[in-house]
Amino acid sequence: MNQQSIMTAGVARPLRQRASLGQTIRHSLTMAYRGLLKIKRTPEQLFDVTLQPIIFTLMFTYIFGGAISGDVQSYLPVIIPGILVQTVIGTSIVTGVQLREDMDKGVFDRFKSLPIARIAPLAGALLADTIRYTIATVLTFAMGYIMGYRPDGGLDHVALAGLLVIVCSWSVSWIFAFFGVIARTASSVQGISMLVLFPLTFLSNAFVPVETMPNWLQWFVNVNPISHLVSAVRDLTNAGTAGSDLAIALIGAIAIVAVFAPLTVRAYMKRT
Amino acid sequence: MVRKQQGEWAVEARGLVKTFGDNRAVDGVDLNVKTGSIYGVLGPNGAGKTTTIRMLATLLRPDAGSARIFGHDVAKESHIVRQLIGVTGQYASVDESLSATENLIIFSRLLGLGRAESRKKAQELLEEFGLTEAAKRPLKNFSGGMRRRLDLAASLIAQPPLIFLDEPTTGLDPRTRTQMWETIRRLVKTGSTVLLTTQYLEEADQLADRIAVIDRGHVVAEGTVDELKASVGTSSLHVSVLRREELETARGIVERVLGVSSSLVPEAATITAPMADADLVTDLLVELRARGIKLAEMSVQKPTLDEVFLTITGHGATSTDTTKAEGN
């Protein structure tokens, strides 16, 4: 082995003022690869995304089915999209919690000292977590299918709906990533995130028809972006159509990323 | 693209200040490190060594002052600075949940190496640092020494011209420590500049061309190892008198014969003084016997960091400045 070549200091080298877009994407993908390796090493952290869709789908369908739609069968097209959105978006909290834990480790010091795009460690972690959303999505639909859910939209529209939920969850996870970066402890991230997410998912049309709610609540439920996402998923899976709800859900997702990604990166750079 | 770095100074820091709440962890630190040298920052826990290194390595933003790495400002040109440095922290900055190979491959990829190149680089470094056998094991089972080695290996991927080592041997056994010293020496032979912090005078003595002694956020002395030693005395003399009432008299004799100032440990009736010239001890013993002062014990000790501090900070601010002036 030629030690000289390993140890030589590279004195003459081209230097860049900042990472290019191409480099930024490459760095983020490498960081995502790191995230996937970590999931592979500690598969027990996938417990929540495997068990939650199964338990929640069973529980909510049998609890609310009779009361809301008369019977379980006719409740399935309502509840499966609702539970899908609730579960997958709920999973994105873990992203913030794990980011907090990860950032306390020494390896983040090295990431900070490397000439890489500042956003890469964050974007990579968030990107790797889409695997979690995918698992939760597939399991929720599979549970629905087992319980007798046969979406009229067909498999292609179900896949599209799944993709939509994954994209939106990824966007929402930037909010929790922001909490993860500014909070002091992982448990406080969990706490704040639940506080935000609980009203958002339950004060929506995910489980119960909006018409049954008081007027003032209907107003909130109708502006709640989660409602639009749930409606968009129902349109796609049950009818195979895409309407204004889909557009609103996507615009909402873009807006969240546009606001929270820069905020998170700035907070991350400040926090040392 | 920016013109490549050149010049005499790898690090130039002026008046660095970092405050955490009420605590001025670093309070006006100046450092000049020549390209191609090993520079030691010596100080006890909490002196501000790590904070200084973190500011120089772009990990912390200074509250005041400025620093340049090969002429590039750490605050304004941090991305460039990061291309020129490697940092090995006090706590291993590697990924615990991954294997050694995976760690090195990920860092290589982040530094712009291709897939095959990264694999090759990881293998080379693992071999260089004697980690090949443990390459696939998760880091949880690594010993402290192995972790440090991997950490240093990760800092060398890009062959940075300046390497920061924060207490590279703290907590290592003597054999591993010697190995680490060898590696650091080899690094410098191949053209790297190394800035290391340490709590051990011996380590600074072994490795560093120049040393800055840092205490409570201040550089209290700066110079070559020899200059520093001369100011401290290579060793210190401990003299315990049998009759306590003779302590002050004995102290007077010690100070007069050795020509230095001394310190007292009254409870043990012991006088401690720097011993720059071993020959003078003979004169001292003769003088003590002539005056009829009986000794309980006499010993010579290599200076510990505590004594360096006692000596340097005990001299007061003016002589600290003199030491610094001599150093520059």
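Including glycine, each Cβ sits where the backbone N, Cα and C put it.
Sequence annotations record features per position, and here TrEMBL assigns domain 'ABC transmembrane type-2' to A:44-271.
Cβ atoms under 8 Å from those of the transmembrane segment (A:46-68) belong to residues 39, 75-76, 78-80, 83, 86-87, 90-91, 94, 132-133, 135-136, 139-140, 143-144, 147, 207-209 of the same chain, restricted to positions at least 6 beyond its ends. Annotation source TrEMBL lists transmembrane segment at A:46-68 (among others).
Among the features that TrEMBL reports, transmembrane segment is placed at A:74-99 (among others).
Residues 24, 27-36, 38-39, 46, 49-50, 52-54, 57-58, 76, 80, 83-84, 87-88, 91-92, 94-95, 98-99, 102, 108, 111, 158, 162, 165-166, 169-170, 173-174, 177, 181, 261, 264-265, 268 of the same chain sit 6 or more residues outside the transmembrane segment (A:119-146) yet have a Cβ under 8 Å from a Cβ within it. Annotation source TrEMBL lists transmembrane segment at A:119-146 (among others).
Residues annotated as transmembrane segment in TrEMBL: A:158-179 (among others).
Sequence-distant contacts of the transmembrane segment (A:191-210) (same chain, at least 6 residues past either end, Cβ-Cβ under 8 Å): 60, 64, 68, 78-79, 81-83, 85-86, 89-90, 93, 96-97, 175-176, 179, 183, 217-218, 220-222, 224, 226-227, 230-231. Among the features that TrEMBL reports, transmembrane segment is placed at A:191-210 (among others).
Long-range contacts of the transmembrane segment (A:246-269) within its own chain (CB-CB distance under 8 A, at least 6 residues past either end) are made by residues 103, 118-119, 121-123, 164, 167-168, 171-172, 174-175, 177-178, 181-182, 225, 228-229, 232, 235-236. Taken from TrEMBL, the feature transmembrane segment applies to A:246-269 (among others).
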